[in-house]
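Visitor: Dropping a structure here in structure tokens format, bear with me for questions.
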Amino acid sequence: MGSGASAEDKELAKRSKELEKKLQEDADKEAKTVKLLLLGAGESGKSTIVKQMKIIHQDGYSPEECLEFKAIIYGNVLQSILAIIRAMTTLGIDYAEPSCADDGRQLNNLADSIEEGTMPPELVEVIRRLWKDGGVQACFERAAEYQLNDSASYYLNQLERITDPEYLPSEQDVLRSRVKTTGIIETKFSVKDLNFRMFDVGGQRSERKKWIHCFEGVTCIIFCAALSAYDMVLVEDDEVNRMHESLHLFNSICNHKFFAATSIVLFLNKKDLFEEKIKKVHLSICFPEYDGNNSYDDAGNYIKSQFLDLNMRKDVKEIYSHMTCATDTQNVKFVFDAVTDIIIKENLKDCGLF
């Protein structure tokens, strides 16, 4: 009788030990899990950062996966040239070559009749002729006055390559492709012994109400703001400047009670586009009080200070900032390494080890 009870006790003790071990393993795993939230206004580059994580920390895009982006890229090309042609009417810009007016009409007819995501030779020729026209180029130069995909010139300048029958999108082509994010997209990867769960949330106003579900237990927020958006208006409200919207959103996030203990990293993104734009468009279009040099460094630092000055708890909460170009893999790799180090440092601080 006694030996039976003893065997039972041993079994219970064994099970208890296994459960303890499992709980400890789960706790260790949980401690090594980093919940990362990507926030920012629409078209600030969040989804491109997610694609970079796949390239840098997973095994990149296979040829089969790249091929799946072909239809998206063709859709982006068509939407871009259509946006420019429609804006010519709105802005009252004439074609340099009168025959291009026929091409403009033909473009609209073809766009309505072709299968989505395809690029028939007839359409390619029409787009090629239009893109070469001086009036179309003049309208492209005024892209801040209407809604145009950032990658428009990247694709249109390489029309021959991307419409070749054997075309396989490169990783750079994939990075520059644009699909509006709706809902929440989760990506998992590991770096420096940490398991990341990265959540990309739609940035347009209609998508933001879905963010609240992701708030609990967030380790770090990466907030993306497009530097180049200082002279642009929102897709969803053409009365609101994109930079002002981004600042308003950042203010509500960095001072939110939910994020009192959350590390916040600011990615001032699209620095490549900003560097080109700042040579032509003065920052005072967005910040009338700005009277500094209209240089990349001075204007960039001014924008950075506009964001960082919104932090009401500077004495206890540091916000880390980086100038980024989300389509540049090396730049993102370097910056994300720095973010990972921040997270490790903050974790050690929480444990009293730093």
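Any Cβ shown, glycine's included, is placed from N, Cα and C.
Taken from Swiss-Prot, the feature GTP binding site applies to 40-47, 175-181, 200-204, 269-272, Ala326. As annotated by Swiss-Prot, Mg(2+) binding site applies to Ser47, Thr181, with the evidence given as similarity to another entry. Here Swiss-Prot flags 7-27 as compositional bias 'Basic and acidic residues'. Per Swiss-Prot, the feature domain 'G-alpha' maps to 32-354. Annotated ADP-ribosylarginine per Swiss-Prot: Arg178, in sequence order. The ADP-ribosylcysteine feature in Swiss-Prot is assigned to Cys351. Annotation source Swiss-Prot lists region 'G1 motif' at 35-48. Residues or ranges marked as region 'G2 motif' by Swiss-Prot: 173-181. Per Swiss-Prot, the feature region 'G4 motif' maps to 265-272. According to Swiss-Prot, the region 'G5 motif' annotation covers 324-329.
Locate each feature and note its surroundings.
Guide: Classification of Gly40 (GTP binding site) by DSSP places it within a strand.
Counted within 10 Å of its Cβ, the other Cβ atoms near Thr181 (Mg(2+) binding site) come to 19, all protein chains included.
In terms of DSSP secondary structure, the compositional bias 'Basic and acidic residues' (7-27) contains 21 helix, 0 strand, 0 coil.
A simple way to gauge crowding: the CB of Arg178 (ADP-ribosylarginine) has 18 other CB atoms within 10 angstroms, across all the protein chains here.
Same-chain residues lying 6+ beyond the ends of the region 'G1 motif' (35-48) with a Cβ under 8 Å from its Cβ atoms: 150, 175-176, 178-181, 185, 196-205, 207, 211, 214-215, 217-226, 229, 234-236, 242, 245-246, 249, 253, 267, 269-270, 324, 326-327.
Same-chain neighbours of the region 'G2 motif' (173-181): 42-43, 46-48, 51-52, 55, 61, 65-66, 69, 72-73, 76, 149-151, 154-155, 162, 200-204, 207, 326-327, 329, counting only residues six or more beyond its ends whose CB sits under 8 Å from a CB of the stretch.
Sequence-remote contacts of a segment are chain residues at least 6 beyond its ends whose Cβ falls under 8 Å from one of its Cβ atoms, and for the region 'G4 motif' (265-272) they are 40, 44-45, 49, 150, 220-229, 250, 296, 300, 303-304, 307-308, 319-328, 335, 339, 342.
Taken together, the residues of the region 'G5 motif' (324-329) have an average pLDDT of 97.
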Visitor: So, three-state DSSP: helix, strand or coil for Ala326 (GTP binding site)?
Guide: coil
Visitor: Given the binding-site residues Gly40, Ser47, Val201, Asn269, Ala326, tell me which ones have a C-alpha lying within 10 Å of the C-alpha of Arg178 (ADP-ribosylarginine).
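Guide: So the list reads Ser47.
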Visitor: May I ask for the distance between Ser47 (Mg(2+) binding site) and Ala326 (GTP binding site), taken between their Cα atoms and rounded to an integer number of Å?
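Guide: Ser47 (Mg(2+) binding site) to Ala326 (GTP binding site), Cα-Cα distance: 9 Å.
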Visitor: 10 Å Cβ neighbour count around Ser47 (Mg(2+) binding site)?
Guide: 22
Visitor: Report the DSSP secondary-structure composition of the region 'G4 motif' (265-272) as helix, strand and coil residue counts.
Guide: 2 helix, 5 strand, 1 coil
